Amino acid sequence: MLTEDNRQSLIQAAIQAKEYAYSPYSKFRVGAAFLCTDDTIVNGANVENASWGGTICAERTAVVKAVSEGRKDFIALAVTSDIAVPISPCGICRQVLREFCTLDMPVFLVPVDYPKKDAKDGGILEMTVGGLLPYSFGPEHLELPRQPTGPQ
Ligand SMILES: O=c1ccn([C@H]2C[C@H](O)[C@@H](CO)O2)c(=O)[nH]1
Ligand SMILES: [Zn+2]
């Protein structure tokens with residue numbers, strides 16, 4: 001369950017995860033952390049590559065770490081970087097989140113100066129997976145009946 005306590009732990013885990021970012025090219029560190037139903041946390045950082053297209057964002061690092069260990073029971077995500085505005089997942093990460101998370105799953109976008117003085121919720125921008133990727137395509141669409149004109 002998402003309590004105030006484990007929400008705080010999740011935010012701290014995302015901040016901590018940033019420490020292991022490998023970002024020599026952009027020099028932009030990102031940390032992400034998932035809260036799972038059993039209150040455990042799986043984190044990740046961005047991992048860049050000399051061939052830039054090989055770069056993996058923090059959010060996908062965390063998803064792939066978790067799913068490849070048999071964990072898909074996500075209930076919240078926190079993401080943070082080194083800038084004083086909340087950054088939000090890129091388009092590819094949004095689609096990957098969509099695969100494994102419910103559309104109403106909360107996503108906490110955390111500025112580096114959290115908790116920001118006098119800002120609502122310390123400056124956190126709270127979104128949902130569905131809010132980040134409206135009208136999305138997902139696994140259930142592949143289960144719908146097809147017109148018989150397509151490949152059988
Ligand atoms: O939500 C985001 C946005 C950017 N990055 C990474 C990718 C790249 O390493 C660096 C600059 O885009 O930040 C993430 O990990 N997550
Ligand atoms: Zn991304």
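Numbering starts at 1 and runs along the chain as it is shown here.
Keep in mind that glycine also has a Cβ here, set from the backbone N, Cα and C atoms.
Where the annotation comes from TrEMBL, it is an automatic prediction and has not been curated.
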Of the residues CYS36, CYS57, only one is listed by TrEMBL in the Zn(2+) site with CYS90, CYS93. Which is it?
CYS57
CYS57, CYS90, CYS93 excluded, remaining Cβ within 8 Å of their centroid (Zn(2+))
ALA58, GLU59, ARG60, PRO89, GLY91, ILE92, ARG94, VAL96
Taking every protein chain shown into account, which of the binding-site residues CYS90, CYS93 has the largest tally of Cβ atoms within 10 Å of its Cβ?
CYS93
